[in-house]
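J.: Supplied in structure tokens, the structure appears directly below.
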Amino acid sequence: MSDNSADYLVESPDPLHPANLIPELCQSFYRLGWVTGTGGGICIRHGNKVYIAPSGVQKERIKPEHIFVLPYPQPTSSPQTDRVFLRRSSLNLKESACTPLFWNSFDLRDAGSCIHTHSQHAVMATLLWKGPVFTISHQEMIKGVRIGGTDAALSYLDTLVIPIIENTPFEEDLRDSMAEAMKKYPDAAGILVRRHGVYVWGKLSSLTLCDISSNVEPAGKDWEKAKTQTEHTEVENLQRKGVNVVAWTADTGKDERQELERDLVSHSPRLRLLYISPEKYATPDCTRILDEVYRKHNLNRLVIDEAHCISEWGNSFRSDYRGLGKFRDRYRNVPIMALTATATQVVQRDIIHNLKMDRDNTFYAIHPFNRENLFYEVRYLSSPEPNTRMQQILDYITLLYQRRNRASSGIIYCRAKVTCDALTAFLRGKGLNAKPYHRGIRFGHHTLSLRRPRASDSSPDISSGILQQTLKQWSAGGHGEPDGVDLVVATVAFGLGIDKGDVRYIIHYDLPASFEGYYQETATMPFESAKRLTKPFKPPSKVANDREPESFRLEPHDTGRTIPTVTEPSGLNHLESCSNNPSPRSSSPEVCAPVNTAQLSLPDIEMELDNPTSSKVQPAKRMDKFNKMRKALHSLDFDRLASLVRSEGSGFVDQGKLVNHVAREIEFNALSLSCTPGGYTEHTERIAQAIFYMSDGCGIPEYDQDVADDIEDVKGILQKHWKELQREEQ
Ligand SMILES: CSC[C@@H](O)[C@@H](O)C(=O)COP(=O)(O)O
Ligand SMILES: [Zn+2]
């Protein structure tokens, strides 16, 4: 039977395409004397397709058009009698009689290829080893054999054991005894068939073919470049793990791009994952290539990272993300996966709607926001001066060193590049292995000034090489080695693509630009830390130091100025930190309490987006105003707010109140992460919404009076700030 429409499955200019590779290998085997006459056979499994040589054709004469293509796994319940094909040869040929045996290698070993030969050495071995196994040791070439045929290589000192099964008149009758032997000898890399030959199999890489992942690229060239840098690191990490992956970015050269295209449009692309941005996805070049990949049934999945950017209700909407909605129309039935760490239910619904995902067939996997292995702490300082902040950070790291009796890996986030440089210089001056990470780094020197950052601080002279080196050194560091990097002092440019299991702390030198940003930056902490916890956390039975108990609740504090926040893995290590830390705040059971048991007193305001009829004000107007207020909240410049408060003559007490309020919000957010899947962002939005309600004169009766007072303060300052912003914009 012929099926010419599927001939494209065996037509490729790529010499590594299975339809070309099988004939080439058969010729080699023939030259080696492994296959004579029509004896022997070979098959290759690539993704969900199996390519098999024909039966009864002299192996050195096999051509691509003779190759059979079958789906793997077989859709039928009896694949041996009722085999399904994607492509058969138009000549009067049958698939190899070895097919059921090849199938054993796929089903039982997840093999990517299986070879059967009539090698005379193999036959001789079965005659010399009369028992059920062939064993051999102390042969150099044992190192070329893998355990089970697909795992780690054997060592020279291992003994190679290959089971021998008895031959049968018909090839297919070998199937069961082969399967039995494979199960009995799971480490065997092949099966000898007495007086016949050998079956051996090899590895298959495990990822789906040609996934496409896009990543967020926030506005600003520096950010974009730094992000590309970390994205490259992510790609490199995968490449190191043996995954065939590439990022197609603005930096991809012409030759590289052409090579990428050649591979993708081939019948059997070697690439497993392609990283592109939504902007790249929108280009005609990309559409043309993806169309071709899809036409050849090789487009397996679209994966969208930071999917909340698709939604206008999200905190970082980007219009190019909307373009991804066309994917479903163009590439029907290709599954879509959307990933986000910050999406309310409204945003989730919006993502599903915009991507045209099939609601009935959507699988939700929601990881709780609360990372139980993390401990969040807000620290107060006696003075807003940079020297105090730096000293406190140094004290923290020193204490951690003393506690663990060795160096630790850490990250300090700063909002300004100059702060990164100044803090790095300070910490290096104290003997710490710190390095800055931001896109303003120049060759040969760093800007080491304590002055406040200015808009003109952007540095065009950028060295990607230095950043990459820093990232590599930090990834390998954390051991206090003289030439290593234990600590990076970074802007938000740092964070993506980090895969480091031993980060012990993340310090925010100043307030991050948004609560979501804060959560994401602290999320750089490894998930694995949780696995290291050896016993559950118990608060100390006795408070070691009972001075200033009110400070434990993060209430207004007369000396409160600035709030570096520290995130570290909680649990046993944290318990140590509680009992050893000389600070009364840190020895407080309340501060030490595990985040998921803390009591919350959050206002219970209905989400406006869930209930647009809940107000007298017109929904469109309300939304507009709400979004503006939210934007103001997200873009708070606290230093500036502080100077506003000061110019009003309210002094530091009010500023302390304000700062305390925000600190409390951060603390609440850290605590409220366990409330709902969308808890984090939802809470942030609620605060913004509360401010909006109040500014609209609606009042919030359920509000706890303390919180209402604080919000009243913030509201006043916010409104001023907001007006200033508007004036500036005009
Ligand atoms: C020379 S016939 C041998 C077959 O029975 C079988 O063992 C073999 O090696 C090749 O089978 P084929 O069906 O030609 O692929
Ligand atoms: Zn054979």
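Using N, Cα and C of the backbone, Cβ positions are placed for all residues, glycine too.
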J.: For the Zn(2+) site that TrEMBL assigns to H116, H118, which of the candidates H17, H46, H196, H267 is also assigned?
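T.: Among the candidates, TrEMBL records only H196 at this Zn(2+) site.
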J.: Check the Cα distances from C98 (substrate binding site) to each of the recorded positions H116, H118, E140, H196 and keep only the ones within 10 Å.
T.: H116
J.: Which residues, same chain and not among H116, H118, H196, have a CB within 8 angstroms of the centroid of the CB atoms at the recorded Zn(2+) site?
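T.: Filtered neighbour residues, in order: G39, G40, T117, S119, A122, V123, V193, G197, V198, Y199.
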J.: Please report how many Å separate the Cα atom of E140 (active site, proton donor/acceptor) from that of H116 (Zn(2+) binding site), as a whole number.
T.: 23
